[in-house]
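Taken verbatim from TrEMBL:
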- A:69-280: domain 'ABC transmembrane type-1' (DOMAIN)
- A:12-38: transmembrane segment (TRANSMEM)
- A:69-94: transmembrane segment (TRANSMEM)
- A:106-126: transmembrane segment (TRANSMEM)
- A:153-175: transmembrane segment (TRANSMEM)
- A:203-224: transmembrane segment (TRANSMEM)
- A:266-283: transmembrane segment (TRANSMEM)
Amino acid sequence: MKKSKKKMWFAVFTLPTVFIFLTVVLIPFSMGIVYSFFEWDGMALHEKKFIGFSNYINMFSDERFISSIWITVKYTLIAALIINVLGLLFALLVTQKLKVRNTLRTMFFMPNLIGGLILGFIWQFIFMKVFEQIGSSTGLDNIFFNWILDEKFALFAIILVSTWQMAGYIMIIYITGIQSIPTELLEAAKVDGAGYFQRFKSIMFPLLTPAFTVSLFLSLSNSFKIYDVNLSLTGGGPYNSTEMFAMNVYNEIFSYKNFGYGQSKAVMFFFFVALITLVQVYLSKKREVEM
Amino acid sequence: MLKKISVILVSILIISTIAVGCKSESASDTQSTDTTQTTGSKVKDVTITIFQSKVEITEQLEKLAKEYSDMTDGVEVEVWGTTGDDYMTQLQTKLGAGQGPTILSAGVGTEAEDLSDYLYDLSNEEYVKYIAPGMEVRSKDGKLIGIPYGAEGFGFVYNKSLVDASKITDYDSFSNTLKELKESDVQAVSLTKEAYFLIAHILNVPFALQDDPEAFVEELTNGTKKMTGNPIFEEWAKFMEIIKSEGVNPLEINYDTQTGDFATGKTAMIHQGNWAYGMFDSYDIDFDMGILSMPVNGNDKISVGIPNSWGINASASEDEIKAALEFLDWLFTSEKGQSYIVDKFGFIPAMTNMKTDTLDPLGKEVAEYTASGKTLPWVFNIWPAGIVNNDFVPATQKFFSNEKMTGNEFLQELDKAWENATK
C-alpha cells in the first residue's frame with residue numbers, strides 16, 4: 001500500500017517533466033540528427049534526398065564555416081576569461097564593508113536584465129555616435145572610433161558588450177561563494193598575521209573552486225552559443241569577420257535554405273559545446289576541495 | 001480524505017496540462033472534419049487567417065479584417081502578427097507543422113517558387129485580368145500563385161531645389177553634379193547600411209539593363225559569364241566609385257539618418273524608393289522631390305516591381321479556401337477594399353482597375369514612370385537565395401571601407417560572392 005503510493009507520487013512529479021523533455025528536447029534533437037543526412041531545403045512538400053555523410057564531409061572544405069569556428073573559439077576564450085576576472089573582482093568589491101555595496105550590486109547586475117538584442121542596439125548607437133564624439137573631441141581617435149566597422153575591433157566590440165552583460169551575473173555566483181567561506185578561517189588567518197592578498201590566495205581562492213566550476217561552465221557555454229549580441233551588434237559584419245558558429249548555422253538553414261547541411265552543422269555545434277563543457281567541468285571538479 | 005482529494009486535483013492538473021499541449025492539433029482535426037461535412041454553396045462559420053510580412057500595414061489590415069467580419073455572415077477574418085524580418089522562417093515552420101494560414105505573403109521570384117507547391121492556383125479568378133502586364137506571380141509550371149500587393153519603384157530620390165534632373169543623362173553629367181553639390185557643402189548622395197538599401201537595389205540596375213536578365217542570371221550561375229568585363233557592369237562600377245568618393249560612407253548611415261538628412265535638405269540625393277515618403281511624415285518639407293534614374297549607359301528608366309504578393313494556402317480546407325477567395329475578390333474589386341489598398345496601405349496599385357490620384361508625390365512619380373513604360377524589372381528577385389545578406393553585403397562593406405579599392409576590384413568581389421552563393 002505504502003509503496004504503491006510512493007510510486008504514484010514519483011510518477012506525478014516526474015511524468016510531466018519527462019513528457020516535456022521528450023517533446024521539446026529529445027524528439028526534435030533526434031529528428032535533427034536524421035535530417036543531417038539529407039539534402040533538403042526545409043519545405044515539407046519538397047523532396048528529401050538521402051546523401052549519407054556528404055554533409056559532414058563538405059564541412060571540412062567550407063572555409064567560411066571553419067573560420068566561423070575559429071572566431072567563436074577565440075571569442076569564447078577571451079570573453080570567458082574577462083568575464084570571470086571581472087566577475088570575481090566585482091564580487092570581492094561588493095563583499096567589502098562599503099556603504100554603497102547594495103547599490104553597486106544592483107548596478108553591476110543591471111545589464112543582465114536587458115536582453116542581448118536590445119543591448120546590441122544600444123551599443124551600436126554608442127559605438128556609432130559616442131565613440132566617434134569622444135575620439136574627435138579628445139584626439140584619441142585611434143582608440144575611440146566606430147569599432148563595429150573595423151575588421152579587427154568588431155570582435156572586441158562584441159566581447160565588450162557581452163562582458164558588460166555577463167559579468168554581473170557571474171558576480172552573483174562568486175558572491176555566494178565568498179559568503180559561504182567560514183569567517184573563522186579568515187579571522188584566524190588575520191590573527192596569525194596574514195595580509196589580504198595572502199588570505200585571498202591561500203584561503204579564499206581554493207575554497208572558491210566550486211564557484212569557479214559553475215562560473216566557468218556558464219560563461220564558456222554561454223559565450224560559445226552567443227547569437228543575440230552577435231546579430232544585433234554586428235550582424236556578422238564587417239565582411240563576415242564576426243560571423244560566429246550559431247549565426248553560421250542559422251544563415252545556412254534560413255538564408256541559403258540548405259536545411260540538411262545546416263542541420264549537420266548544428267549537430268557539430270552540439271558536439272563542440274558538449275566537449276568543451278565536459279572537459280572543463282571534469283578538470284575543475286578535480287580541483288575542488290572538500291571542507 | 002484530504003489526501004485523496006489532493007491526489008485527484010494534482011492528476012487533473014497534469015492531465016489538463018498535457019491536454020492543452022495537444023489541443024491545437026485535435027482542434028484543427030475536428031474543424032477540418034466539420035467543414036468537409038458542411039461543404040455547401042454558402043460559406044458558413046469559417047475562420048480565415050491572414051499572415052503577411054509587411055509590418056507597416058498590420059494595423060490597417062486588422063481594421064479591414066474586422067470590417068469584413070462584421071459585414072459578412074459567419075466569416076471571421078483573423079490577422080496574425082509578425083515582426084517581418086523572419087517572416088519566411090515562421091511561415092515555413094507553420095506550413096511544415098500543417099498549421100499554415102489561409103492567406104499568406106507568397107513573395108515573388110525565388111521565394112514564390114519555393115512556396116509554389118503550397119499555393120492555390122488563382123488563374124480562374126475574375127479580377128486577375130486587371131493585373132498590370134508582367135506583374136503576375138506565376139510558378140514555373142504556369143500556375144498563377146500570387147496577386148501583387150502593389151507596385152514599388154526606386155531610383156535616386158532627389159531634392160528638386162538642389163538638383164536639376166534634366167542635366168543628368170550620363171556618367172559625366174552625373175559625376176559633375178555630385179562634385180558641384182559637394183563643393184556647395186551639401187551631402188551629394190547617400191546609400192545606407194541596410195542590406196537591400198546598400199547593394200541589392202542599386203546593383204539591380206546593371207542586371208536589368210542586360211539584354212535578357214533572366215538568361216544572364218543563369219549564365220552567371222553556370223559560370224559562362226562574369227560581371228567583370230561586361231561593359232554595363234563596368235560603367236556601373238564607375239558610378240559606384242564616384243558615389244564612394246563624393247558621397248557619405250553608407251556604412252555609417254542608417255535608413256533613419258538618411259531620410260532625415262534628405263528631409264532637412266542636408267542630402268541632395270538618396271537611393272531609395274517611393275516607400276521612403278512615409279519617413280517624411282514628421283518633417284516639414286519645403287521642397288519638391290522626384291525620382292531620377294541611374295544613368296548607366298544612358299539609362300532613363302527606374303526599377304519598378306512588386307515587393308510581394310497575396311497567395312492562398314492550397315492545403316487549407318475547401319471552405320477556408322472558398323472564403324479566402326471571396327475575401328480577395330472583395331479586396332480587389334469593391335470600392336472599400338480598393339480604398340484600403342490605395343489610401344490606407346499606401347500601395348501604388350499594380351492593377352488597372354484602381355485610381356491613383358490620391359498617391360503621395362513619390363508614388364505619383366513611380367506611377368508616371370510606369371505609365372510611360374520607363375521601367376526596369378526587379379532582377380534581384382531571381383538572385384540565389386540568401387546572396388544579398390550573406391555575400392553581397394560583405395563584399396560591399398569591403399568596397400566602402402577601403403578607399404583604394406577600385407570599381408573593377410569590386411566587380412571581382414561580386415563575382416566571387418556569386419560563385420560562393422551558388423556553389
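Even glycines carry a Cβ here, placed using N, Cα and C.
Three or more CB pairs closer than 8 A are found between the transmembrane segment (A:266-283) and the transmembrane segment (A:12-38), so contact between the two stretches is assigned (pairs 6 or more residues apart). Within its own chain, the transmembrane segment (A:106-126) is flanked in space by residues 90, 94, 148, 157, 160-162, 164-169, 171-172, 226-233, which lie at least six positions past its ends and keep a Cβ under 8 Å from the stretch. Counted as Cβ pairs under 8 Å, contacts with the transmembrane segment (A:153-175) are highest for A:69-94 among A:12-38, A:69-94, A:203-224. Within the same chain, residues 72, 75-76, 79-80, 83-84, 87-88, 162, 166, 169-170, 173-174, 176-178, 181, 185-186, 189, 245, 272-273, 276-277, 280-281, 284-285, 287-289, 291 sit at least 6 positions outside the transmembrane segment (A:203-224) and bring their C-beta atoms closer than 8 Å to a C-beta of that stretch.
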